Structure formats: C-alpha cells, structure tokens
Amino acid sequence: MRPTKNICCIGAGYVGGPTMSVIAQKNPSIKVTCVDLNESRIKAWNNENLDNLPIYEPGLAEVVAEARGRNLFFSTDVDKAIDEADMIFISVNTPTKTYGEGKGMAADLKYIELCARQIARVATNDKIIVEKSTLPVRTAEAVKSILDHTGNGVNFQILSNPEFLAEGTAIQDLQNADRVLIGGENTEDGKLAMQELVNIYASWLPKDRILTTNVWSSELSKLVANAFLAQRVSSINAISELCEVTEADVQEVAKAIGKDSRIGPKFLNASVGFGGSCFQKDILNLVYISKSLGLNEVADYWEQVIIMNDHQKNRFARKIVKTLYNTVADKKIAFLGWAFKKDTNDTRESAAIYIAEKLLHEQANITIYDPKVKEHQIFSDLEYLGTLDPEIIKQRVRVVNDPYLAMDQAHAIAILTEWDEFITYDWRRVYDKMVKPAFVFDGRGITDGLNLEKYDFQVFRLGKSITTNKG
Ligand SMILES: NC(=O)c1ccc[n+]([C@@H]2O[C@H](COP(=O)([O-])OP(=O)(O)OC[C@H]3O[C@@H](n4cnc5c(N)ncnc54)[C@H](O)[C@@H]3O)[C@@H](O)[C@H]2O)c1
C-alpha cells in the first residue's frame, strides 16, 4: 500500500470542512482537497475574507488561514480530486429519509451511494475509502459491494472513521479529541489501511487516543454515542418538569448528581430541548435498525428520548402562551437566539424553529435576533416546515441585527440559544422599553446570575418556579 500523500474529502459541510482543515494543518506534507457539489459553499470556503467562510466555528478561520493554498484546497472538481487521491473521506449528509420505507426514521443513504458510484467510475488506482459520515451499522458492506461490482477492477479498502466533534467547539474537539475511532477489516490489507489513517491522526494526537476496532463496532459506536448524549439531555429535561411542580431547582439537582463521579457533570443543563442535525436523526436511525431486527423493546426505549425532547419544546411554547394570559395573538415576542446552540451558525433542528412555529399558529408576532444566523436562513427554516402559510411568515416574523430593537416594545423575551453576549446586555434598558408586565422565558438557564427580577421582570426558567421581585 502506497503512503498517503493526497487526500480528498467529498462533502465540505460542518464536518468535512473543519475536519479537513485540521488534518491539513497538522499534516503539511499531505495535500488535502475538500470537494462539494454546492458551488456557493466552495466559493465561500475560498473567499479571501475569512469572515465569509460558510461555517462559523471559533478558531476555524485561523486554521484555514494557515493551511489554505499551502496544502488545503476547496474545489467543485470532484472527479479530479477522486482521481488524484490515495485516501477518500466521504463526509456527505445522511439525513432522515422523507419518503418510502423507513420514512421519518431510517437514514437516507442516497448521497453515500452516489459518492460510492462516482468513486468506482473515476478511480484508476487502489484507494482507501473512509466513511466519515454517520452511517447505519453495516453500511460499509453496501459501499464495498458497489465499489467492487461497478469499479474499474482496482482495490478498495473501506474504513469507518466516525466524527465525534460537536459544533461550536469543532476545532478544539478535533485538535484535542478524546478519542479517534477507526474501524477496518481484520485482514492484512485492512490492517495496513487502518495504519495509514492512524498515522494521519498520530501526527497530533497521542497513540492511546486512537482506537481501532472492527468496522461494525465503529459504525455502531457513533450512533450509540449520540444516543447516550441525547438521553442525558432528555433525562435532565424530564427532571426539569418535575422540579417546576415540586419547587426543587433543576440546577441544584444537576449539580448534586453531577458531583457523583459515576454520573459526571456534563450534559446536565436543562434546556428547551436538543437540536442540531445529528441527535434526532441518529437516534431515529438506531430505533429503525432495532425495529427492523425485531428488537421492539430496544426501539421503544430509545424512541422515548425523542418523545421527551418534543414534549420539552411543546411545553415551553405552551408556557409562554399560558403565562401571557392565554393569548399571544398580535403580541410581540422577542427571540434571543436561533442557532441550535451557541458558537455555531447551524440552525438544523433548532428548538427555536419549533417554538416559533407554535407561536405563529397562535398568531404571535416574532422578532428574532441571533448574532451569527442570517435572515434568509431563518425564513428558509420556517418555510421548510411546510406547516405555515408563507404570507403569515412574511407578515409576522422580523429578523433584526440589533438585540435592543428585537426587545423594544416586546411583551416577552424567549431565550433560545445560550450565546454569551446575551448576559452582557443592559437589562435595565431592555426592561424600560418593554410592555409591562415584562416576561422573560429562559430556555437555556443563562439568566440565573443576572437577577432580572430586581428590574421587575417576571422570569420563567426551566426547572424552577416562576419568579418575580416579590419572590
Ligand atoms: N454536524 C455535526 O455536528 C456532525 C458531527 C458528527 C458527524 N456528523 C455526520 O457527518 C455527516 C455530514 O454532516 P454535515 O453536518 O457536515 O452535513 P452538511 O450538510 O453540512 O455537509 C454535507 C455536504 O456534502 C455535500 N454533498 C452531498 N452529496 C455530495 C456529492 N455526491 N458530491 C459532493 N458533495 C456532496 C453537500 O452539498 C453538503 O455541502 C453526516 O453523516 C452527519 O451525521 C455530523
């Protein structure tokens, strides 16, 4: 097997872009080309002004500045990059199927299959294919079958190398990964291929953090990791509702249980619900696989994590309506945050979308401010739901660049992303400009230290009783 000198990554999205940037940064002698069909995305990756990169991640611009043009390239010429590469990462999207068998649950593998067919058509020498996308267990078998039966007689080794980065901390997660997982075939060639990929990561990570397993364990581990993480969010969210009716405080409970080293402190923040492109889709995928294998109890167990998450979003929206005297019709609700979490411009499956949907059905007017999400994205998220009349969206939704403008004359504020800047605002000024009584619905637990009650705000925090300055 020849040493890897040339890498291609198909898919320049939230995973492909940052991952290849860091691989290129840490392996200056390897040429890394990230390709995508989406021309405007590639144009943005090549933009001189690093503020215009298509993805916002702290630290990403610096890494791109260091490697781009040296050994990191972004291109739409997929065939050329495939042809030149020794190793090809597949990092395309694997959304939940929206049609046919498995609709609403199974992963849609059409983009993966298209990649495999394209590689088979173009490749004229042996290549290592790395599954970076999150895939159902045993997908590598399908990819191998396509490559072996439709290719030009060249040898392909398929590795699974799922990505564990979290958006918002992607660069830090890549540069200092807890672990890298590489699954491969237990054959001579399989082991050599795994070693090639180990070498790439070993240029910056200690060897003991690079785990090698069989392909199926690697594919399944990614789904299981996301299921466990999402389960923790749903678990603490379930407890938040219990706290609200028992006068316990969810943050105190989280602290008390998180100190137990068997439980640990992370992922115990009660919130308006998890979002992002991965948790829901990966759990649904796990549920679908379990059901297909006749493991109904296993499927039901994991499905409950999603049911709880939907419940949390619904009850947050209901709480706003109920608190505002059972009607939000024609009232102005200010949204602080639209991204599914802080430090990213990704809005996929963001709780804010669903809260907005519910409030628009109640005829509220919504003004949105998010420091990194663009107006066209917000409108496209709402239209994509397909449940709202586009005219209503246009009439009732406004996106502004100034948070104070968003909150001016609002009846209520809903905090839906935990952006740090929100706690730095002049809350006295905000209070003075609002319709009274001025309500804050904190869906992210970030206002605790602010004592908003002292300005006379009425504050609802998930997992706590509603508070006013009278206690
Ligand atoms: N976003 C995350 O936090 C995260 C974390 C870990 C794993 N993952 C997994 O990584 C994969 C990619 O996720 P993402 O968030 O980067 O998706 P994304 O939608 O941001 O990016 C995927 C890109 O692939 C491109 N693409 C699709 N088919 C193509 C083809 N045939 N040729 C060239 N380009 C093609 C699309 O145009 C798109 O730009 C998914 O399987 C996801 O589950 C995502």
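Please read every residue number as a count from 1 along the shown chain.
Including glycine, each Cβ sits where the backbone N, Cα and C put it.
Please treat TrEMBL annotations as automatic predictions, because they have not gone through curation.
The feature NAD(+) binding site is assigned by TrEMBL to 11-16, Asp36, Arg41, 92-96, 133-134, Glu167, 278-281, Arg348. Within its own chain, Glu167 (NAD(+) binding site) has Tyr14, Glu57, Gly276, Phe340, Lys341, Asp343, Thr344, Asp346 as residues 6 or more apart in sequence whose C-beta sits under 8 angstroms from its own.
Under the DSSP three-state reduction, Cys278 (active site, nucleophile) is assigned to coil, being neither helix nor strand. In the shown protein chains, 25 other C-beta atoms lie within 10 A of the C-beta of Cys278 (active site, nucleophile). Residues or ranges marked as active site, nucleophile in TrEMBL: Cys278.
DSSP labels the residues of the domain 'UDP-glucose/GDP-mannose dehydrogenase C-terminal' (334-449) in these numbers: 48 helix, 19 strand, 49 coil. Per TrEMBL, domain 'UDP-glucose/GDP-mannose dehydrogenase C-terminal' is recorded for 334-449.
Straight-line distance linking the Cα atoms of Asn93 (NAD(+) binding site) and Cys278 (active site, nucleophile), rounded to a whole number, equals 10 Å. Listed in sequence order, the binding-site residues among Gly11, Tyr14, Asp36, Asn93, Thr96, Glu167 whose CB lies under 6 angstroms from an atom of ligand 1 come out as Gly11, Tyr14, Asp36, Asn93, Glu167. When Cβ neighbours within 10 Å are tallied across all protein chains shown, the highest count among the binding-site residues Gly11, Asp36, Asn93, Gln280 belongs to Gly11. Cα spacing between Cys278 (active site, nucleophile) and Thr96 (NAD(+) binding site): 10 Å, rounded to the nearest whole number. In sequence order, Gly104, Met105, Ala106, Ala107, Asp108, Gln280, Lys281, Leu284, Asn285 constitute the residues six or more apart from Thr96 (NAD(+) binding site) in its chain with CB-CB distances below 8 Å.
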